[in-house]
Structures are given as structure tokens and as C-alpha cells.
Amino acid sequence: MADYLISGGTGYVPEDGLTAQQLFANADGLTYNDFLILPGFIDFIADEVDLTSALTRKITLKTPLISSPMDTVTEADMAIAMALMGGIGFIHHNCTPEFQANEVRKVKKFEQGFITDPVVLSPSHTVGDVLEAKIQHGFSGIPITATGTMGSKLVGIVTSRDIDFLAEKDHTTLLSEVMTPRVELVVAPAGVTLKEANEILQRSKKGKLPIVNDQDELVAIIARTDLKKNRDYPLASKDSHKQLLCGAAVGTREDDKYRLDLLTQAGADVIVLDSSQGNSVYQIAMVHYIKQKYPHLQVIGGNVVTAAQAKNLIDAGVDGLRVGMGCGSICITQEVMACGRPQGTAVYKVAEYARRFGVPVIADGGIQTVGHVVKALALGASTVMMGSLLAATTEAPGEYFFSDGVRLKKYRGMGSLDAMEKSSSSQKRYFSEGDKVKIAQGVSGSIQDKGSIQKFVPYLIAGIQHGCQDIGAQSLSVLRSMMYSGELKFEKRTMSAQIEGGVHGLHSYEKRLY
């Protein structure tokens, strides 16, 4: 046993692993599969890990997860679901400006405290108008005022219970004949606090609580469904008015300024400038324009993969940076353009530079597993943007179809010819709108049905928390501090090590993640 003895006592611990600086010191481009994080010391439970992180200089999320502005990933349904679970969704711009603004409006109206601009109708409107509003906005509890506008005298309310059993021939019936009249309504006075209004609504057992002033004029409304959402989604991302946070993508051309105006009017909280290569005169000019016209609007620039690219956008005034070029599962930019960078290296290099200016970084692309999310955050990213991970979920745009008995949804890169043919916005993203020959930088494909993100995102959240627990970081800010101080250690993986780290040696197996 003598050969096992080491003199000097138990205080001796040999140096082990590499710091992030050492890991990326040479010119090798590393991606998430090329390294592992060495475990630390656990003295807390996984549920205690705080995942709060910055999206931009002024917007903080309770969950570091973002859905990508792709036309097969994020429209209103996805953005609503992401915001409810503490993240945020960015509505794609491969559509008309009006359609995109309406999607943002759906998100902002989905869950609120005091709804100060609800849909309002007059007694002379018809049942058909209510049904049309339900199709457009997703609800049918509509206050009725004398003139059909806010600030007018409240005369009643129409809910689904008032019109559920009406036949199609009754769609021309006036609302004055079917509405619940004012005398039967429970209301709250203007000036009531949100807490007091919620208590009144709970006691009344009504679906809606109108807020009226001394002249009985409608000034706001509160919905019971919002109370239930507040209970079920404690991490929900909300603005100062208790509305869900929502982002939107725009291009960098002159006609995108009209789109920007509509998005700000719809209530977008943050804009991402959508470009495959963000270090351009077009994007810098757009940042200057937005900051001059809408100084309080948060702007995310990108995409970038080097500190030099990041510098120009930070100097222009961006509030966040989107990192990634050619690393997405449906992206062929590196193959076609010979430009890009392995995502691990890109995230570390840009985040290390941007943190000096207080600019958060979004790791965009190359995320295939929850382990990749943890690695991106450990390299300095504040949040992670996902495309393929969220594609083919219930909330993603598009219809399911079957192929060989498998339920699928379409998923395509915004640089694919399919996406470019749908709208010129995709062409502008890749600077090709004026080209006679379109150069595809993405592909179209399909992904197997994943079900609802109501189950998938909680799995991601729990996975991040357990990853941080193994590392010994009780919050994402601690995780980044450990990385920059050198306390967090990494190790490169050979191809054999990568094979060993996956499932191997089995004849067959079933891989259930949640």
C-alpha cells in the first residue's frame, strides 16, 4: 500500500482542467461538443438555482430561454407560451408588417392587469361583431359602452354565455338584446389597486371586472383568466403594465422603418435587427435611427461572432448582441459562404468583450440539448435562442403532417429558398434581395412532433438548474463569475470521449427525456 501514500497531508490538490481563457487560447474553433465542464461542490438543491438573467441592458428574464424569429418557430402562440414561462419570443418578419404587428398585439393583450385598451362595442353592434372579435383576439368577454369606445358610459357586457346557443341566423341580432345589462354587473371604482380589484373579482365569481369612474364611464377592465395565469405561471415575463413581454424582428432597409413604427405602436418591448452578418453600414444606420426616434426601445444587434464585429454595434448603441453565424441545424452559411465561427468560440469571445460595456449576449444557434444550453451560459451568454429545439411543438406555426406514420412539422432556415420565396424579408437578411441568382444559406426540412412546450420548457429549466448544481453555481451570475475568475474548469473532449459520453454498447434503447 506504500505506493498509494503521498506526503504532505490531505491539503494537496493538483491543478486540474483548463480555465475558459486557456481553453480558447489557441486558434482552434470549438463548439459545444468539443468540451465538458468539470464538476464542483454541491451545497444547495437544484430548485434553489436562480436562472434570472439579462436579455438587454434594461430587460431581465427569469428564464434564459428565447424563441428564434423564424417563420416556422415564433408567432403569437409561441411568444405567449415563452413569456408565460419566464422567457421571451421574437415574432418573425417573414410576413407583412401588419401581420407581424397584429401578432405582437395578441401577445400584449393576452395577459394583463388593468386592461386600459380592451375591445369595446356599442349596443348597436351585432352578435356577428362579437364573433369576429373572438376570432381576431381570442376572447369574447366584451364591455358594451354607449358609443362603443373607452371613456364612454358603461351599459353592459357580452360574454360567451350570452351568445353560446344562438343560431347562425341570430348573428345580426343587436347586442342591446343579448348583453348582460349594467344593473347586473359587478364593477370597481377608478383608483382601486390591482390587489383590491383582484379580490373583488374573486368574490364576484364573474369573468370580467369593469373599472368605472364617478360618471360610470369605462376606464379599464380586469379578466378572471389573468388571475389564473398569475397563479399558474409565477415566472411570467411582464412589463410595468403587467403585460407579457414580446420581441419582434426587423430588417435593416429603408422600408423596415414602416414595419418598426407598426411594431412599436403594437407594444413591442424589444427589437432584434435580423441579419446573418450584423457588422454592416445598414445595421449601424438602423441602430442610430431607432435610438433617435424611439430612445427607450431596447435594440438587439447581430448576428456577430467576433469582438471586432461586436465593437461597431456596441459603439452604435445596441442594448444586446446576438451571437452565431452558420451554426444552426438548418444553416449552411459556413458551407456556402466560407464565413462563420464554431459557436463555443464565438460565444466566449464576444461575451468576454461585450461584458466590459454591460451588453448581454444571446447564444443563437447550435443548441441541440439542455447540456448545450448550460455550456453556452457557462461561456458567458446571458440567454440562449432556440430554433430547432422549439420547432414542431404545438405552439410553433404550421400544420402537422404525416410521413411514413410519423407526425411532423416543417422547419426551415430563413436563408432557405423556401423562406426567401415567401417574402423579401428573408432575402434582405442575407443581403440578396437584389440578386438575380439567389444563394441559399439554409435548408428546409421537417421535425418530429415534440408536443407542447408547456412540458418541454420546464424540462429545459430543470436541466439547467441541475447542470448548475453539478457545477456548484447557485445562479447564472455566479456561473459567469466562476468562469471569468478561472474557478470554473473545462476539459477538451476527443472523438472517443464524445462517443463514451453518449449512449453506447446497447443493442437497442429508448431515450425519454421527460
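Quick reminder: no glycine exception, Cβ is built from N, Cα and C everywhere.
Here the structure is a predicted model, which means the values were calculated and not measured.
Lifted from Swiss-Prot, the feature list:
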- Cys331: active site, thioimidate intermediate (ACT_SITE)
- Arg429: active site, proton acceptor (ACT_SITE)
- Asp274, Ser275, Ser276, Gly324, Met325, Gly326: NAD(+) binding site (BINDING)
- Gly326, Gly328, Cys331, Glu500, Gly501, Gly502: K(+) binding site (BINDING)
- Ser329, Asp364, Gly365, Gly366, Gly387, Ser388, Tyr411, Arg412, Gly413, Met414, Gly415, Gln441: IMP binding site (BINDING)
- 114-173: domain 'CBS 1' (DOMAIN)
- 179-237: domain 'CBS 2' (DOMAIN)
- Ser160: phosphoserine (MOD_RES)
- Arg341: omega-N-methylarginine (MOD_RES)
- Arg355: omega-N-methylarginine (MOD_RES)
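Recorded features from Swiss-Prot, shown on the structure.
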residue: Gly324; record: NAD(+) binding site; contacts (Cβ under 8 Å, 6+ apart): Gly302, Asn303, Val305, Gln343, Ala346, Val347, Ala363, Asp364, Gly365, Gly366, Met385
residue: Arg341; record: omega-N-methylarginine; contacts (Cβ under 8 Å, 6+ apart): Gly29, Val305, Thr306, Met325, Gly326, Cys327
residue: Arg355; record: omega-N-methylarginine; contacts (Cβ under 8 Å, 6+ apart): Val361, Gly380, Tyr484
residue: Glu500; record: K(+) binding site; contacts (Cβ under 8 Å, 6+ apart): none
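Distance from the CA of Gly387 (IMP binding site) to the CA of Gly502 (K(+) binding site) is 23 Å. Spacing of Ser276 (NAD(+) binding site) relative to Gly501 (K(+) binding site) is 33 Å (Cα to Cα, whole number). Of all the recorded positions listed (Ser160, Ser275), Ser275 sits in the most crowded Cβ setting, with the most other Cβ atoms within 10 Å.
Fewest Cβ neighbours within 10 Å among the binding-site residues Gly326, Gly365, Gly387, Gly501, Gly502: this applies to Gly502. For Tyr411 (IMP binding site), the count of additional Cβ atoms within 10 Å of its Cβ stands at 23 [all protein chains shown]. In the domain 'CBS 2' (179-237), helix, strand and coil residues by DSSP number 23 helix, 16 strand, 20 coil. For Gly387 (IMP binding site), none of the recorded positions have C-alpha atoms inside a 10 Å radius of its own C-alpha, out of Ser160, Asp274, Ser275.
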